[in-house]
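J.: Input: one structure, supplied below.
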Amino acid sequence: IRRPMLFSVLLLLLSALGPGWSGTPDTSARRPSCTRCDLRRSCNCSHSSFTRVPAVTTRVLSLDVSFNNITVVTSDDLAGLKLLTALYLQGNGLASIQPSAFDSLWNLVDLDLSDNQLTAVNQRWFSGLGALQRLNLLNNPYSCLGSPVFQDLLRLRRLDFGGPALEEIRKRDLHGVNQLEELSVHGNNLARYESGAFADIWPLGEVTLKLHGPFLANPALAAAVLADVTYPETHVTLEDLHLIQNRSIQPFTKAATRRIRQLTFRNLSLTDEAIVNFLVAMNGVPLTYMSFEDITLTGEGRWEPAGWTEHESIDELSARNVEILDVFKFLSLMDMTFLLKYPRKGSFINCGVFVMPCRTSQLLLSLQYLDLSDNLLTDLTLTESLCDGGRTLQDLRVLNVSGNALKSLSLVSQLVSKHSKLTHLDISRNGYSSMPARCPWPAALRHLNISRAKLTAATSCLPATLQVLDLSYNHLRSFSLLLPALRELDLSGNKLLHLPPGGLLPQLETLTLQSNALIMFHLSELRSFRRLENFQAANNKFVCSCDFVAFLQSGLAGGGAMRLTDDKDAYVCDSPLDLQGQPVARVHLSLASCHQVVVVSVSCGLVLFSGTLLSVALWRLHALWYLKMTWAWIRAKRGSRRRNRLRGVPGSEALVSFDAFVSYSEQDASWVENLLVPELEEPSDANQESLQHAARPLTLCLHKRDFLPGRWVMDNIMSAMECSRRTIFVLSESFVRSEWCRYELDFSHFWLLDCGAGGDDAILVLLEPLSKDDIPKRFCKLRKLMSSTTYLEWPQDDGRRPKFWRSLRDALQADENQ
């Protein structure tokens with residue numbers, strides 16, 4: 001009894017220990033899996049509501065599990081992914097990472113842990129990530145970095161950390177980080193900064209700082225941060241600033257002393273006073289690039305108090321998404337000569353500019369690049385901005401006025417025609433509806449962009465000097481212009497049915513025809529472009545013929561001098577219907593569909609050969625005769641049934657009217673009429689005496705006297721057979737050759753095959769020697785009868801003839817004798 005009890009206890013203990021018996025928890029049964037992996041071994045498992053890191057193939061190179069509900073990363077979740085180079089865990093609410101979770105990721109280059117709930121950063125996480133180059137720890141609720149967590153990351157080149165909770169940065173926090181290409185620090189609520197914390201990071205290519213709170217409440221802290229990162233070769237970006245008075249500008253004095261050269265403001269609000277103080281702080285600083293993005297300006301543009309400052313180093317001014325709260329009070333910057341006369345590049349994108357006065361344009365003495373895209377310019381205000389085509393902006397080389405409200409292409413060409421150095425012109429995303437036949441253009445113009453307009457035709461208005469032309473997303477149905485210098489042409493998004501003539505574009509190297517109405521193109525068309533190297537024609541409605549599919553697959557594979565450089569999966573069949581929606585690169589056409597002429601020819605030959613064989617077989621088997629006689633028999637039988645019904649009516653003829661129906665040929669008529677009929681219908685006394693009993697006269701049915709005139713011959717034959725007890729066939733060679741006898745023989749054949757007829761109904765009389773082989777093989781029943789039934793042979797000896805007549809009469813009266 002004890003042994004079974006002990007065994008039960010052991011089983012209970014083992015079941016209680018469960019998967020933990022091995023010392024490693026077996027969670028694979030509860031771990032989800034993700035199979036959304038592409039051919040580049042990149043698995044996108046984001047936005048899938050996973051609560052754990054899903055299981056993926058161990059050969060994965062990039063794993064994206066962002067924006068799920070993963071709160072913990074265990075040491076087993078990523079084990080075995082030794083080839084992984086990129087891991088994205090942002091946006092999960094991740095609160096805990098086990099120390100050894102990343103130990104197996106020796107090849108990891110990019111790690112994103114941003115937008116989670118990590119309250120502390122553990123140096124142990126990164127101890128095995130010797131290849132890591134990019135690390136993002138933004139927007140986690142840690143207040144400081146703690147111990148030197150990055151000291152093992154010797155290859156780190158981009159570091160992003162901080163967030164709303166970051167309060168302190170100490171010098172030891174970044175120990176081991178010696179050089180970075182990019183550094184991003186979100187410290188809007190930073191309260192403590194140890195001077196020199198960023199000083200050891202050099203070289204430093206680009207730094208982005210969010211220091212909203214320090215600039216407002218603790219300028220000294222902001223100045224200390226700027227002092228550590230503002231190197232002449234470092235591009236500094238400042239975000240989330242609110243510059244109001246001189247106090248908020250004080251940190252820039254430190255940047256000025258470090259000779260800062262590139263400065264970008266993003267998400268900035270400022271006043272006229274702040275701008276003036278900033279210009280004063282930057283006086284004499286070799287600042288070459290200054291950019292403003294997402295700016296709110298509360299002033300009126302009264303910046304003349306800074307007119308005494310010197311900014312001759314400024315080379316590029318850029319403003320994007322600028323909102324002027326009181327735009328109607330804003331000045332025209334005509335007093336800004338001290339600032340506007342130096343820049344060579346000026347960009348004012350989506351700034352609500354509806355006019356730039358001619359006097360302001362005249363201040364831009366050095367301007368070579370001007371971008372006024374996405375503003376409110378019209379034909380009238382552009383005329384004012386370019387001084388009605390006068391001698392202003394003479395050094396201008398690039399002009400971009402895309403995304404405005406321009407209507408006249410002719411006016412634009414006239415306004416820029418005097419800018420002799422202009423090489424690039426972008427007038428896209430405007431409202432041009434037509435193109436004039438002739439237009440004046442600068443002789444130096446090489447690049448022209450008129451995309452996303454409403455043009456329906458391209459004319460000789462386009463200058464012959466163009467090297468790059470973009471007419472994409474218009475309403476063009478054809479393009480046939482001689483442009484001898486053109487190297488790049490973009491006609492995407494139009495309604496072209498055919499490729500432009502290659503002979504008119506002898507220097508063309510790149511042709512883009514995506515999203516048109518092309519159904520196919522041929523190698524000969526592409527060969528007409530003698531220098532074509534890159535061709536893009538995806539997203540058209542292709543007819544996938546065999547030649548086109550083979551040619552396109554070769555181009556997608558990179559064969560030949562011409563290459564298809566866009567996405568191969570974007571080349572999709574529109575027809576035939578069975579291939580609709582399939583990528584051309586994956587289409588496999590059958591031999592029959594690709595060689596229809598050969599297949600049809602072979603098929604027709606086979607059909608003809610088979611038809612010939614079938615015809616020969618049918619002829620040999622007399623199939624047509626069988627069909628013909630079957631039809632005639634069915635028709636005659638129908639008439640027979642009708643006659644049988646009529647015979648039931650009182651006064652109708654009897655069912656059997658004759659003793660025998662005689663079938664014979666015309667050549668044998670004399671024998672029938674002179675010998676057979678008299679002998680059977682009118683027996684002589686001598687013959688009667690020779691008989692043991694009196695012979696009654698027999699009635700015979702002969703076609704000459706008994707067939708009804710006007711009735712179908714088949715009906716007469718059928719009626720004669722039905723009304724006769726026997727059928728006498730007078731067989732001879734002439735009988736077999738006789739057409740009418742063949743009809744009677746045919747019907748007799750069917751009659752003998754009928755369910756009510758037997759072999760005794762036919763009496764064969766041979767007038768001359770005739771074997772069964774002389775009868776056609778299709779008369780199988782009669783041939784069988786000649787083999788199995790005794791037939792009468794007409795004797796040539798007169799002495800034997802009485803016996804012949806006696807045998808014939810006995811055969812005809814067999815029923816009576818019985």
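Placed from the backbone N, Cα and C atoms, the Cβ positions cover glycine too.
Where the annotation comes from TrEMBL, it is an automatic prediction and has not been curated.
Annotated disulfide bond per TrEMBL: C37-C43, C358-C387, C439-C461, in sequence order. The domain 'TIR' annotation in TrEMBL covers 656-812. Positions annotated as signal peptide by TrEMBL: 1-22. TrEMBL lists 597-619 with the feature transmembrane segment.
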J.: Taking Cα atoms as reference points, which of the disulfide-bonded residues C37, C43, C358, C387 is nearest to C439 (disulfide bond)?
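T.: Going through C37, C43, C358, C387 one by one, the Cα closest to that of C439 (disulfide bond) is C387.
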J.: Tell me, by DSSP, whether C461 (disulfide bond) is helix, strand or coil?
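T.: Reduced to three states, the DSSP call for C461 (disulfide bond) is coil.
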J.: Restricting the comparison to the disulfide-bonded residues C37, C43, C461, which residue's C-alpha is spatially nearest the C-alpha of C387 (disulfide bond)?
T.: C461
J.: Which one is it: of the disulfide-bonded residues C37, C43, C358, whose Cα lies the shortest distance from the Cα of C461 (disulfide bond)?
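T.: Closest recorded candidate to C461 (disulfide bond) by Cα: C358.
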J.: Whole-number Å only: compute the distance from the Cα of C358 (disulfide bond) to the Cα of C37 (disulfide bond).
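T.: Distance (Cα to Cα, whole Å): 58 Å.
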J.: Please report the number of other Cβ atoms within 10 Å of the Cβ of C37 (disulfide bond).
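T.: So the number of other Cβ atoms within 10 Å of C37 (disulfide bond) is 18.
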J.: What is the total of other Cβ atoms whose distance to the Cβ of C387 (disulfide bond) is within 10 Å?
T.: 17
